[in-house]
Amino acid sequence: LMTGVESARDAYIAKPHNCVYECFDAFSSYCNGVCTKNGAKSGYCQILGTYGNGCWCIALPGNVPIRIPGKCHR
């Protein structure tokens, strides 16, 4: 049993101001790099998702910001 571990979730990783990391190639390694650099197990480019084309992370740590409903304030 592990203690003190933040919960992980699958979600769009967010930049500051509630914006997704945009991507344009579902087969690129860009999103996997962004996600794993932030502690996720993996990631990929979700094309035409809820927030357009954005990086979706698998098992992203709970302390990393995710895209939430509302505007992206660039």
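Going from the start of the chain as shown, residues are counted 1 onward.
The backbone N, Cα and C atoms fix where each Cβ goes, and this holds for glycine too.
Copied over from Swiss-Prot, here are the features:
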DISULFID  CYS19-CYS72  disulfide bond
DISULFID  CYS23-CYS45  disulfide bond
DISULFID  CYS31-CYS55  disulfide bond
DISULFID  CYS35-CYS57  disulfide bond
DOMAIN    9-73  domain 'LCN-type CS-alpha/beta'
SIGNAL    1-7  signal peptide
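A separation of roughly 18 Å, to the nearest angstrom, links the Cα atoms of CYS57 (disulfide bond) and CYS72 (disulfide bond). For the disulfide-bonded residues listed here (CYS19, CYS35, CYS45, CYS57), the lowest count of other CB atoms within 10 A around the CB belongs to CYS19.
The average pLDDT computed for the domain 'LCN-type CS-alpha/beta' (9-73) is 96. Burial estimate for the disulfide-bonded residues (CYS23, CYS31, CYS72): highest at CYS31, by number of other CB atoms within 10 Å. Spatially close to CYS55 (disulfide bond) yet at least six residues away along the chain are TYR12, ILE13, VAL20, TYR21, GLU22, CYS23, TYR30, CYS31, VAL34, CYS35, GLY43, TYR44, CYS45, GLN46, judged by Cβ distances under 8 angstroms.
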